[in-house]
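According to Swiss-Prot:
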- 29-36, 76-80, 138-141: GTP binding site (BINDING)
- 21-189: domain 'Era-type G' (DOMAIN)
- 212-296: domain 'KH type-2' (DOMAIN)
- 29-36: region 'G1' (REGION)
- 55-59: region 'G2' (REGION)
- 76-79: region 'G3' (REGION)
- 138-141: region 'G4' (REGION)
Amino acid sequence: MTEQINQLSLSSIPIAPEGFKSGFVGIIGRPNVGKSTLMNQLVGQKIAITSPVSQTTRNRLRGILTTEEAQIIFVDTPGIHKPHHQLGKILVQNAEAAINAVDIILVVVDSSIEAGGGDRYIVELLENTETPVILGLNKSDQQPQNYQPIDESYLVLAQAHNWPVIKFSALTGEGLDNLQKTLINLLEPGPYYYPPDLVTDQPERFIMGELIREQILQQTRQEIPHSVAIVIEKVEETPTLTRVFAAINVERDSQKGIIIGKKGAMLKAIGTAAREQMQKLITGEVYLQLFVKVEPQWRQSSLRLSEFGYQIET
């Protein structure tokens, strides 16, 4: 992998100059409002998978933006929603825990539609927080001509708490310079937490697994994406070749059949696309071999959830 996502080397963390600022920014919001796309844009590299399917993000991801004057660690959280299984409960608990573990909270909403019950629920969660909050109106590029009533539905929520409001498009990058400046202004003086050239603290295997899961999200539909867990079982590396062996875990035989596809066509397509994404991050050639396993009701099993890397984060 590139230097940015190699394991953290404490010796490469410099001493911050006088006046340098740093801190953690929690990105929260309903599912599918563009939180992961936003973080990818802010750090300048794809570290969080994106998909039109809601609840794409399952873990609290950290993305790191370092400028001459500040280091901002963005924490991308799972979308806050009403959970329907044990996995969902863990995701929501982790997202809510992030609210109490950051220096600034960035609430991201979809400004192509009016505020709804999910947005108001998040505002209620933040009712008594002492952490600075910014309301970010994302998807400004997708707003209809008569967008004023939509904006007003969110401005009412922000004005009740004196939250600053910033409008932007995570997809096009419009307005993100203003967002970055606002965040830096709110940060306190602080040290470098990570080397300046690092963009995420996630290990290589996690990134590999997420790239595979992203292709499943993009190439399958309905219940399949939420029933999938990826386990990187083995990685073999030489100077010119990285061999990755990964298991795709599903809950039912029918789901296994869909992922494999007719004569293995779907599995091949998933593997080819995921390998191409890995190739952008890894020096040398990449060989990716995928297996599909059935683990009945793994989303309801505390043991399986832990084995697959899903647990309450502190």
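Cβ atoms are placed via backbone N, Cα and C, with glycine included.
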Local Cβ density at K35 (GTP binding site) - other Cβ atoms counted within 10 Å: 30
Tally of DSSP helical, extended and coil residues in the region 'G4' (138-141): 2 helix, 1 strand, 1 coil
C-beta crowding around G29 (GTP binding site), within 10 angstroms: 24
Integer average pLDDT (0 to 100) for the region 'G4' (138-141): 92
For K35 (GTP binding site): DSSP state (helix, strand, coil): helix
Where T77 (GTP binding site) falls in three-state DSSP terms: coil
Number of other Cβ atoms within 10 Å of the Cβ of N32 (GTP binding site) across all protein chains: 18
Helix-strand-coil residue split for the domain 'KH type-2' (212-296), DSSP-based: 37 helix, 29 strand, 19 coil
Other CB atoms, at most 10 A from the CB of T77 (GTP binding site): 25
